[in-house]
Amino acid sequence: MVMAEGATVVRRNRPGTTAKYIQQNIRSDCSNIEKIMEPPEGQDEGVWKYEHLRQFCLELNGLAVKLQTECHPDTCTQMTATEQWIFLCAAHKTPKECPAIDYTRHTLDGAACLLNSNKYFPSRVSIKESSVAKLGSVCRRIYRIFSHAYFHHRQIFDTYENETFLCHRFTRFVMKYNLMSKDNLIVPILEEEEEEEEEGGQNPSTGESEA
Amino acid sequence: MDEHPGGGGGAAAGGGMATARQQQAPQQGNHNAVNPQIGPGGTASAVQQQDEMPRPQQYTIPGILHYIQHEWARFEMERAHWEVERAELQARIAFLQGERKGQENLKNDLVRRIKMLEYALKQERAKYHKLKYGTELNQGEVKMPSFESEDTKETEVPAVPQNSQLTWKQGRQLLRQYLQEVGYTDTILDVRSQRVRSLLGLSGSEQNGSVETKNLEQILNGGESPAKRKGQDMKRNPGDVLETFNFLENADDSDEEEEDEEGDLMEDLSNRTDKQRIKKHKIKVGNEGLASDLPDDPDTEEVLKEFDFLVNAEDGEGAGEARSSGDGTEWAEPLPFPSGGGKSFIMGSDDVLDSVLGLGDLADLTVSNDEADYSYDLPANKDAFRKTWNAKYTLRSHFDGVRALAFHPVEPVLVTVSEDHTLKLWNLQKTVPAKKSASFDVEPIYTFRAHVGPVLSLAVTASGEQCFSGGIDSTIQWWNIPSSNVDPYDTYDPSVLAGSLLGHTDAVWGLAYSGIKNRLLSCSADGTVKLWDPQEKMPCLCTFNSEREHGIPTAVDFNGCDPAYMVASFNTGSAVIYDLETSQSVVEFSAQKDSSLPAGNHINKVVSHPTLPVTITAHEDRHIKFFDNKSGKVIHAMVAHLDAVTSLAVDPNGIYLMSGSHDCSIRLWNLDSKTCVQEVTAHRKKSDESIYDVAFHPSKAYIGSAGADALAKVFV
């Protein structure tokens, strides 16, 4: 029964559809990244990636809510992580230097539009080959939210990460499916997984990077 | 000359001349030779010839005769040519006539076929409807189309001018009769015909044939009798006919009625084609008038442009047309043009008619449709006849199920809340160009982020400037709704969040807002119902059901008739009306204790009727129950769906009830008869759940549904 179960379970979960399956795994143990990442038998890989990305965008809303309190346009006037790169927001006709909180909101809204658009993703049971490339660019932009939060709003990042392990999961996700180049993964994951990631951020050239 | 008058005149001109010349040659050749026949005459004639040559103006009888003979021969030849030509043309005429007859027959056959198909379709629809609802579909009279009169009418064509008056009067009577069977009263007909006439530039309510005949004559360039006949056609009250064609733009239920009318109309075949021709004339005549009257409708302008073509063609062929007898096939050439464009003017819901009118020959029908289209104020008429809602907008952007939706009071704007922790604002005028033209995708113009966890409930204020949302995080967030033209990628404005109402200790499942006194009601899984005044420093005014005496509240609503009262529904199956001023419960609608499903009494939603003292509840056990507020008794209970009924909405006029259910269907009910007037299937199931919320727009003709598949849909 939906309503009587109140705060704990919102709906009757049954691993029928992919989204439900992922959500159930997350709900049961959000730190068990291996289990969450493992696709079930016969799962189409494109759909798996797509549904995971949707789930990431969904959960990132929580981080965005927290950031809204602390990340102000006057303190974080640009979207940066480390000092070398300034990220331009791709949600506008010409890439714009949005303040960090705007970048975060616009990127999440833009990802919502893209992932839900009938043009690129008309079906949730099979993904067009041409649209798989879009997933990579969405991942790249989403990752910058993590990196900005890590380097500029550390406390919020840590609290949120401890609750959800979202950045860990995201990093593992993009590496597993090669959705981003490793150079871009600049948020240091915990020591026990250090062999899998790089201490990046030593980009020689300063400049502006557009999405 | 003087010497040989006899010689020259005696012989025939040609013979004389020839003889003279022949004789001349030898004479000239041999002056010494003696020609006993001619003698001095020959010499003289030779001289005469020589004299005549340089002097052609001197007429000789032979010369004249010769010339006349020559000319006559030429005339004879030309006459022969003309005879041949005439014979050829006559043959051609005969051939064309034969062809035309053939086309006529073809057209009749097709028309017959159409009628049969229409009849069959009507039968099917009746059967289907009977099976589906157990009631008869109101189609009017479903008559087997009769064909026997058609042939007779064809032969009557030449005789039409004589008894046209009588036939048309009869036909008109017949039409009125059919229309009355359908439900049109005379007043409607009169009003309609008035409107049509005024639009087409006809004067008053008289059947004033003279105006039309004058115009027709200008176009037809003569042919008195056909023009007069057309004048008589005018008296046939085109208004009636156009009204019947007006059916063609209405929704499906009316489709059968109008097809029936057309079927009966078809019997009067020749009259019909006459009418169509007249209408075309009228269209041409009224082109200028119409063009100014009509709104800037690109479709309409196209139509009128096409008819301009017809006008131009007409002027040249005027004389020829006037002579031909009354049949539609003379339009064979111009027809293909309107047919192509005309089809597009048929409203989207008339799928049947689209296929029916696919035949080029029957473009007559299409043309009439166009006229009907722009003869009337569409919205005004549609209200009376629209019975079906069709999906128009799909709102895609949420990542998880949409739990609730609410419309703005006046604008085509709505707010949705979702389990993805966000609220989104949508403007129905900002659609994404989609592949399918029938329905539009909409993207949100703003995303509200503040909840931690799924957002479950929503209430929009009466002004439409603010809204409240309740979530699993037990908070109620108070938002200022941005303008409907806001740029979705604008800078973040923290003032959109006007405030938070904290007080509940568990998920807030239901919200209701009353513009009078600016009050908000909320119900929560913590068992309480709270009354808030958001402007106050201590917004929570009152708490109800603190001891959980009735169970856990699931939904709340202000009383439509008197907002000093409110009704709350509980998971125990009971609903209670509270007096907000005294904080006491006034009436309790108790649950039936014997429900087959274990949690069958669970009420998912309660709404209060806007004008009547009625409360309506949606139950988990598929029932919808109606309670009387005064007595507390059940007025009516019905099994409404195949699965739990999750949501209810009453339309602003209080006539219809809309219910949504996990069986993926939205049903519209007539509150007087408590019968279902429409069912719409919408939203896929996601883990056994489908539709979470339904809503009416308070002032526009929109209805919306929120689904577990992360979509919200708007129907028009």
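Just so it is clear, glycine is given a Cβ too, placed from its N, Cα and C backbone atoms.
Secondary structure at A:H148 (Zn(2+) binding site), as computed by DSSP, is helix. There are 25 other CB atoms within 10 A of the CB of A:H148 (Zn(2+) binding site), with all protein chains counted. The annotation Zn(2+) binding site is assigned in TrEMBL to A:C71, A:C76, A:H148, A:H153.
Positions annotated as region 'Disordered' by TrEMBL: A:192-211.
Feature annotation from TrEMBL assigns compositional bias 'Polar residues' to A:202-211.
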- request: Indicate whether A:C71 (Zn(2+) binding site) is helix, strand or coil by DSSP.
  value: coil
Task: Give the three-state DSSP assignment (helix, strand or coil) for A:H153 (Zn(2+) binding site).
output: coil
- prompt: Are there residues of the same chain, six or more positions away from A:H153 (Zn(2+) binding site), whose CB falls under 8 angstroms from its CB, and which are they?
  reply: A:L67, A:E70, A:C71
Cβ neighbours within the same chain of A:C76 (Zn(2+) binding site) - under 8 Å, at least six residues apart: A:P99, A:A100, A:I101, A:H148, A:H152
Task: Show, in sequence order, which residues other than A:C71, A:C76, A:H148, A:H153 on the same chain lie with their Cβ within 8 Å of the centre of the Cβ atoms of the Zn(2+) site.
output: A:L67, A:E70, A:T75, A:A100, A:I101, A:T104, A:A149, A:H152
Query: Including all protein chains shown, what's the count of other C-beta atoms within 10 A of the C-beta of A:C71 (Zn(2+) binding site)?
result: 23
